[in-house]
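Here is what TrEMBL records for this protein:
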{"type": "TRANSMEM", "residues": "12-37", "note": "transmembrane segment"}
{"type": "TRANSMEM", "residues": "43-64", "note": "transmembrane segment"}
{"type": "TRANSMEM", "residues": "76-96", "note": "transmembrane segment"}
{"type": "TRANSMEM", "residues": "102-127", "note": "transmembrane segment"}
{"type": "TRANSMEM", "residues": "139-161", "note": "transmembrane segment"}
{"type": "TRANSMEM", "residues": "167-188", "note": "transmembrane segment"}
{"type": "DOMAIN", "residues": "218-432", "note": "domain 'Major facilitator superfamily (MFS) profile'"}
{"type": "TRANSMEM", "residues": "220-243", "note": "transmembrane segment"}
{"type": "TRANSMEM", "residues": "255-277", "note": "transmembrane segment"}
{"type": "TRANSMEM", "residues": "289-311", "note": "transmembrane segment"}
{"type": "TRANSMEM", "residues": "317-336", "note": "transmembrane segment"}
{"type": "TRANSMEM", "residues": "357-379", "note": "transmembrane segment"}
{"type": "TRANSMEM", "residues": "385-405", "note": "transmembrane segment"}
Amino acid sequence: MEKNKALKLNFILLAWGRLVSSLGSSIFSFAMSLYVLDSTGSAATFSFIVGLTVIPRIVVNLIAGAFVDRHNKKKIMVFTDIISGLSIFAFFAAFRLHPNNIMLFAAYVLMLGTIQSVFALACNASIPSIVERETVPKLNSALQSVGAVIDIAGPVLGAVLYKAIGISSIMIINGILFTCAGISEIFIKFFNAEKEKTVEKRSYMSDIVMTYKYLFENRTIAFFLIFAAAADFVLLPFLQMILPFINYNILKVSGIQLSFIQASCAIGTIIGAMVVSAFKDTSVFLKRFFILFSIQAVLLAACIFPEASVFGNGSKWIVTVVFGIILLVFGAANAIQNIPMITFFQLQVPGEMRARIYGMFMSALYITAPPGMWLYGFLMDKFEWYYITAVSGIVLLVFGITAAGNKIYKDFLKSDIFQKDGAQALSRSEAV
């Protein structure tokens, strides 16, 4: 009975901690985007700053997984959130002295991104140790929903606060929220920790070698890692750089309207997470992984709609609503595609390797994003945006159709995971 209460409290504390700290971070990130766009008006400069936010995730995820697996994950979570808060206060002091130094923003996003990447490794590797196995899909859905709520509220609040109180005050709010999140995570209780304590002591290099060996032997996981890296060469630049630049600098929507557009994707994510949570057998979505991906590719190409004659004299709110509908469906399809796959990763990988494998997974997600953003930043300054958007959607669609016919994926569809029921199927799945 006492353990059940602790498990429920863990669920609430982790979700609450993410809500508090990530909300402040989202508010600041959106306000910073507006600040950089207002200050420079350059797609190349904007893509440079946004691309830098991804680099720490790649480097840290590649090398820090072994460190997280060897150390107390709760202490890492608490420490990184509190340090994040303190680093923001330090950046605030520097910003007050040099408010127009774009490179100062570059240094800040690298620093905070590094700290929070370590947190993300510890957090995601901890999930199976702080809730029951059958609750893992629900917690993943809850965290996706929390992230979506943040993506809804963050841009809206960021746009409003940017105009009302300025970016300096937003920094203070962000620092306070990170510190509060770190304090709340002190009360999380870990279970099944005894397994982690008995892990054989090895060198970091040995751990890294074992990680690559595990991936080589588990071809399904390696396949999805490679696919994610290739797809995010287009998807992440589109969502984080191209979409804001097109709307704010070319179509001239307001900061509030842009926040509504980006919030629509988050609302879709909540809807998708609710759909996944309603199904006991989440493996059903793994069968439709590439169908869901193809839907996203088509929706990306559909973003050229403002060039259609029917929208020629449309108001900015019409553009906002149509973009919102497209991204709502996009976000739902993306969540339904990704949540079951994340659960599959978490439950299949052994606990003593979970942070390392998750780190490799996250690195694969982000490793192609910076060059993608910098390439798109260059292209956006040279070519019309609608050509770039249409070609990107078509390329993703062809790529998804090709990957769906891959032998490794077809073998995966024949594996035991699709012969079981619900979370039990995921928790007992075997490597392909």
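Any Cβ shown, glycine's included, is placed from N, Cα and C.
What TrEMBL says about a protein is an automatic prediction, not a curated fact.
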May I ask you to check whether the transmembrane segment (76-96) and the transmembrane segment (167-188) make contact, with contact taken as at least three Cβ pairs under 8 Å and only pairs 6 or more apart in sequence counted?
yes
Does the transmembrane segment (102-127) reach the transmembrane segment (12-37), going by 3 or more CB pairs under 8 Å (6 or more apart in sequence)?
yes
Count the CB pairs under 8 A between the transmembrane segment (43-64) and each of 220-243, 255-277, 317-336, 357-379, then give me the winner.
357-379
Quick one: do the transmembrane segment (317-336) and the transmembrane segment (357-379) have at least 3 Cβ pairs under 8 Å, skipping pairs fewer than 6 apart in sequence?
no
With CB pairs under 8 Å as the measure, which of the listed stretches 12-37, 357-379, 385-405 comes out on top against the transmembrane segment (289-311)?
385-405
Give residue numbers and ranges for long-range contacts of the transmembrane segment (12-37): same chain, 6 or more residues beyond its ends, CB-CB under 8 A.
45-46, 49-50, 53, 77, 81, 84, 88, 102, 105, 112, 116, 123, 127, 130, 139, 142-143, 146-147, 149-151, 153-155, 157-159, 161-162, 167, 170-171, 173-178, 180-182, 184-185, 187-188, 244-245, 248-249, 255, 259, 262
Over the domain 'Major facilitator superfamily (MFS) profile' (218-432), what is the model's average pLDDT?
80
Excluding the flanking five residues on each side, which residues at least 6 beyond the ends of the transmembrane segment (385-405) place their CB within less than 8 Å of a CB in that stretch?
227, 230-231, 234-235, 238, 242, 246, 250, 289-290, 293-294, 296-304, 306-307, 376, 379
Let me spell it out: take the transmembrane segment (255-277), skip the flanking residues so only those 6+ beyond its ends count, and list any with a Cβ under 8 Å from a Cβ in it.
30, 34, 137-138, 141-142, 144-145, 147-153, 155-156, 158-160, 162-163, 239, 243-244, 247-248, 285, 316-317, 319-320, 323-336, 339-340
